[in-house]
Structure formats: structure tokens, C-alpha cells
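Here is what Swiss-Prot records for this protein:
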{"type": "BINDING", "residues": "Gly11, Gly12, Thr13, Gly14, Ser15, Gly16, Lys17, Ser18", "note": "ATP binding site"}
Amino acid sequence: MKRPVLIGITGGTGSGKSTVAKEIYNKFDEACIAMIEQDSYYKDQSSIPFEERCKKNYDHPDAFDNELLIDHLKNLVDLNVIEKPIYDFEAHNRKEETIKVEPRDIIILEGILVLQDPKVRELLDIKIYVDTDADVRIIRRLLRDINERGRTVDSVINQYLTVVRPMHMQFIEPSKRYADIIIPEGGHNRVAVDMMVANIKHLLQK
């Protein structure tokens, strides 16, 4: 097995980056592709009371355990199996269980700050930024956090205005300049997704 092709997919909350990642994932046989979500690498907070965990800024680079993420990416590149953490968004903490991820020909890393850390960027073969209007992103974030993460409307809006938007402007939007490809309209941009798939297949044939 050759060195895997590492693809980083980033963009603001609700931009459609997960949709793009899944669209690319579904174009390949499951035996040759793996997905790594940056959300899985939020820091372990077992020593912090729940009330304090609720107040944390989860859109700041310091919220992520990039040391572990980088170690896992390097292990996958070296064709080693990893134990990916599982993050509980309602408890704001990692679960005790992990998910075994085996090395594959293609590794997709998806998350809001994938291109922010230079040590992560240098491991990536393809860097993608998914660009979507802010009003579309906030509506998607609202629906997701209420339906999937047990949040209230007021808490989501307050978090967006005080944390999510400022962090987007400070860290996520500036990381766009590191992207090889910028995809507008998120996962609905079929032409861009098909172009990415063709590019990945080309890299695999080298």
C-alpha cells in the first residue's frame, strides 16, 4: 500500500463542508477511504466540571487536541491503525470508547480549523475551503444544534453572536488563503465535487 492521500476540508460552521466530505467519500469504495472529523479531537475535559465545560469556547484553536490529531494522521500515513476519540456534544467531553480507523488509500480530514495549524496543513495533499454565505450557515447551525445536539434556540443564537462569528472572522475565514481549492455553495456544487474526485483519482495513480 502506498502513502495515503490526505485531504483537508474546512469552512465555517454550516458551510456544507461535511456534505462535501461525504459526497467525496461516497464516490469511492469504503475499503479505500476513511473519514476523520476534527470534532473528534476536542480536548479531554474529564477534570473540568460540566458547568465550566458549557462555557468553553469550542471554536477557538485551543479547544482542539492537535497534538493527538497530528500523531494520528502521521500514524495513518505510516500505515498504522489508530483509535479515534468519540466526542459527546451534550456532555462536552470525550467518551471512554474509541473507534478503530485503519489506514486507507484516501484519508479525509474535515473540520472548522483544519487549515489553521501549519503542522496539520503540511501533512495535507489537497486543501479545500467550502465557502457559503453567513446567513445560510447560521440557519444550518441553528437547525443542527437544536435537532442533533439538544440545544435551545436562544443558546445557539447567543453562542453564534458571541463566539462563533468572532472566531470565524479571526481564525476560519483567514485560513481560506491556504486552500488549494475554494468551493462555493457547499455540497450542492456537483461540478466542484466531481473535479475533486477526478483529481484524487489522478493522485492515486501516480
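Counting starts with 1 at the first residue shown.
Cβ coordinates are placed from backbone N, Cα and C, and glycine is handled just like the others.
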Of all the binding-site residues here, Thr13, Ser15, Ser18, which one's CB has the most other CB atoms within 10 A?
Ser15
Other than its own, how many Cβ atoms are within 10 Å of the Cβ belonging to Gly11 (ATP binding site)?
30
I need the neighbours of the ATP site defined by Gly11, Gly12, Thr13, Gly14, Ser15, Gly16, Lys17, Ser18. Which other residues of that chain put their C-beta within 8 angstroms of the C-beta centroid, in sequence order?
Ile112, Val130, Thr132, Arg137, Arg140, Gly186
How many other Cβ atoms sit within 10 Å of the Cβ of Gly14 (ATP binding site)?
24
Give the residue from the binding-site residues Gly12, Gly16 that has the most other Cβ atoms within 10 Å of its Cβ, counting over every protein chain displayed.
Gly12
Name the secondary structure element type, per DSSP in three states, that contains Ser18 (ATP binding site).
helix
Packing count at Lys17 (ATP binding site) (other Cβ atoms within 10 Å of its Cβ):
27
